[in-house]
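Colleague: For reference, TrEMBL lists these features for the protein:
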DOMAIN    1-166  domain 'SPX'
DOMAIN    403-606  domain 'EXS'
TRANSMEM  221-241  transmembrane segment
TRANSMEM  253-277  transmembrane segment
TRANSMEM  289-309  transmembrane segment
TRANSMEM  321-339  transmembrane segment
TRANSMEM  439-458  transmembrane segment
TRANSMEM  478-502  transmembrane segment
TRANSMEM  523-546  transmembrane segment
Amino acid sequence: MKFDRTFESHLTNEWRQQYVNYEEMKTLLRTAVENMPNRRDKSVYEEYCLNFQDEYFAKLNSELMRVNEFFDYKMAEARRKHATLKVKLLYMKSRTSGQVVGAVRGLPPLADQPRNLRKLDRAYAEFYFSLVLLKNYQQLNYTCFQKLSDKCNKYFPSPNGFRWVQRTLDGTSLYVDVVELRDMIIEVEDIFTQYITDGDRAKAMEKLRVPPLTQPISTDYVFTAGLFMAYILFVSTNQVFIFTRMFRGSFSLMLYGFSLVGNVYVWQSVGINHVLIFDLNPRHQTVSIKLLSTASFFGYACVLAMLLFIHHKEFGVKDPLYFPLIGLVLPLVILLNPVHVMNFPARMGILKCFGRVLAAPFCYVSFADFWLADQLGSLVQCTVDYYYLIRFYMRYSMDRENTFDFEPDVVIAVLRCLPAWFRLAQCVKRYCDSKIKPVSYLVNAFAYASTIIVVVISTIQMETSCKYNSIFANPWTWVYIVSSLVSTIYCTAWDLLQDYGLFKIWKGKRIFLRNRLIYPKWFYYYAIIADLSIRFFWALEVYLIANNLLLPNNSKTLSSICEINRRFIWNFLRLENEHLFNCGNFRATRDIFLSALNSRDELLVNDLMDESRRWSGAHRDSNPIRRRAE
C-alpha cells in the first residue's frame, strides 16, 4: 500500500488540520522538478537547487513547528490526565485497603474518599485510547517528514536532507518524547492490569485495546445480508402498498432500518467519527455490514409474513390475521434478546438510551439521547400503526364487533405528541443544566412545543369534521393550517440554520452553504430542497384529501415514507455538523468526567507532573542527537 493511502486511512479526522500537509509538500517538490533547468548549465542548475532547498526546508521547518506544538500540547495534556487518574486511583485504593498504591510511586495515602470504580475503569480505557491516537499521530508525522526529506534528496542530491533529519527533526519532542509516550502507555497497561482487573492482563488488554478501523469484515455477515436482501428485492416489489393497515408499521421500520445502515456506511466512508459523537465504546463499534445483516433479517421476516398472508390457503392456514404479528414481535425480540448475538453492545446501548429518553426531564441529556428522540419523531406513524395492531389483536381475541375499525382515539394523539414532548423536556433539561443558560435551547424547545400544539389542533379538527359538509367549512381546519404553517417554517429554519449549519455564505460558489464541506456540494442543495418539500407535504395532503384525490390512509403512508427519507438526509448533515465541531476543538476521544479535584489533590497532581517532567528532562539531556542539535 502506498504511503499516501496509509496516511489518509490512519490519521485521526478530528486532528486532520494538525497533520503535516503531505500532499502540499509533494506538490511543491513535483513542481520544482518539472521546472528544473537543464543540468548542462551547471551554475544555473546549482543555484536553482540551492534556492529551492532553502525554500523547501524553510517550509518543512514551518510544518514541523506547527506539528510539534500540537504534539507538545497533547503530551502536556496527557501528563496531567495521567497524574489525575493516579490520584483518583490512590484515593480509591486507600479507601478499600488503607495502603499505599504502588503505581503512584511511594506517595502516602490520603483521606478516605469514595470513588466510582466503573467510571475510573472507563476513564483509564479512554485515556489509553487517547495515548494510542497520540502515538499514531507521532508515528505518521515523523514518517511523513522523513519521506519528504528523502524525496528532496532523491531529486536534489545533497547532504542537507540527512542533516535536517539529524539536527532538526530528531531534536524535537516529536522524536524525543516518543520514549516517554511509550513508557506512559506501558505504565497505564500495568496499572490497569494490577488495580482494575486484579492482575488479569488478558482481561485488561481486552478492555484497553481498540480494534483497527480497517479490520476485515466477516464473510458470514456479507453472505447473510446478501441472501436476505436478494429475497426481499425479489418478492416485495409489487407488495409494498397492498397491506397498509396490517403491514405499514413493519414496512416503515424496515425502511428506516435500511436507511440507518446507509447512514452508518457513509459516515464511516467519509471519516465522520460517529463512535465519538454517540459516546460509544470504540472497542465495540458496529460496522455497517453487521447492521445490514440485522436489517435484512427483519426485512426478510416481514416480506415472508406478507407472502404467507397472501397465500395462506396454499399452506393450509385458516386464519392469516396472525401473520402481521411477526413484524410487531420480532423487533422486540431482536432488541431485548439477552444472548450476545446481533450487535449485543449496540442493542444494550439503545435500550439505555431509550430509558434516558423516557426519563428526559430527570436525566443528563447527551447527543445520543436527543438524536434518538428525534428519530422517534420521524417514526410516529410507525408507532401509531403498531398501536393499531395491538388494539386490533386485543379486540380480535375478544371477538368484538369493532375489531376491524381502525378509528383514531385519544391514545393516538398522545403517541403523536410523545416524541415532541421528549425533545421539549430534553431542551429544558439542557438549559437548566447549563451554566451559561444559552437561549438557543429554549428556542429549540419552542419548535417542539409548536409540534405538540399542531397535534392537539389536528385532533380537534378530525373529531369535529363530521359536523361539516366540507373540510374547509370547519373553522378548526383553518386553525390547523395556520398553526402548521408557523410550526413548519420554524422547524425548517432550525433544520437548515442550526442542525445543518448552512446559510453561512451568501455569495460566491458556495452560496447558502458554509466554508467546510465533507459531502459533494450538490448534496447540500438537494438536502435544502428535500427538507422544504417534505416539511410542507402536509399542505399537499390537505389539498388531495379535500378534493377526494387521495384517501387519508394512503396519504399517511406517503407522508411516513417521505419523513423517513427526510430523517435519512438529516442524519448525514446533523452528524457532519457535530463532527466539524469536534474537529474545531480537536476532540478525538470521549470525555469521562470524574469528581473535581480539591486543593490537596491539585498539589499531588502537580508533584506527579513535576516528577514526569524531571524524568523527561533527564532523558532529553542524555539523548546524544538532542545535545548535538543544541
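Using the three backbone atoms N, Cα and C, a Cβ is placed for every residue, glycine included.
I'd like to know what surrounds each of these features in this structure.
Modeller: Within the chain carrying the transmembrane segment (253-277), a Cβ under 8 angstroms from the stretch's Cβ atoms is held by residues 13-14, 213, 285-288, 291-292, 294-295, 298-299, 302, 327, 331, 367, 375, 378-379, 382, 518-519, 561, 564-565, 567-568, 571-572, 575-576, 578-579, 582, 587-590, all 6 or more beyond its ends.
Within its own chain, the transmembrane segment (321-339) has Cβ neighbours under 8 Å at 243, 246-247, 249-251, 253, 294, 297-298, 301-302, 304-306, 308-309, 312, 347, 350-351, 386, 389-390, 393, 396, counting only residues six or more beyond its boundaries.
For the transmembrane segment (478-502), the list of distant contacts is 440, 443-444, 446-447, 450-451, 453-454, 457-458, 461, 472, 512-514, 524, 527-528, 531-532, 535-536, 538-539, 542, 570, 573-574, 577, 580: same-chain residues at least six beyond its ends, Cβ to Cβ under 8 Å.
A Cβ distance under 8 Å defines the sequence-distant neighbours of the transmembrane segment (523-546), meaning residues of its chain 6+ beyond its ends; these are 470-472, 477, 481, 484, 488, 491-492, 495-496, 500, 502, 512-513, 517, 552, 555, 558-559, 562-563, 565-566, 569-570, 572-573.
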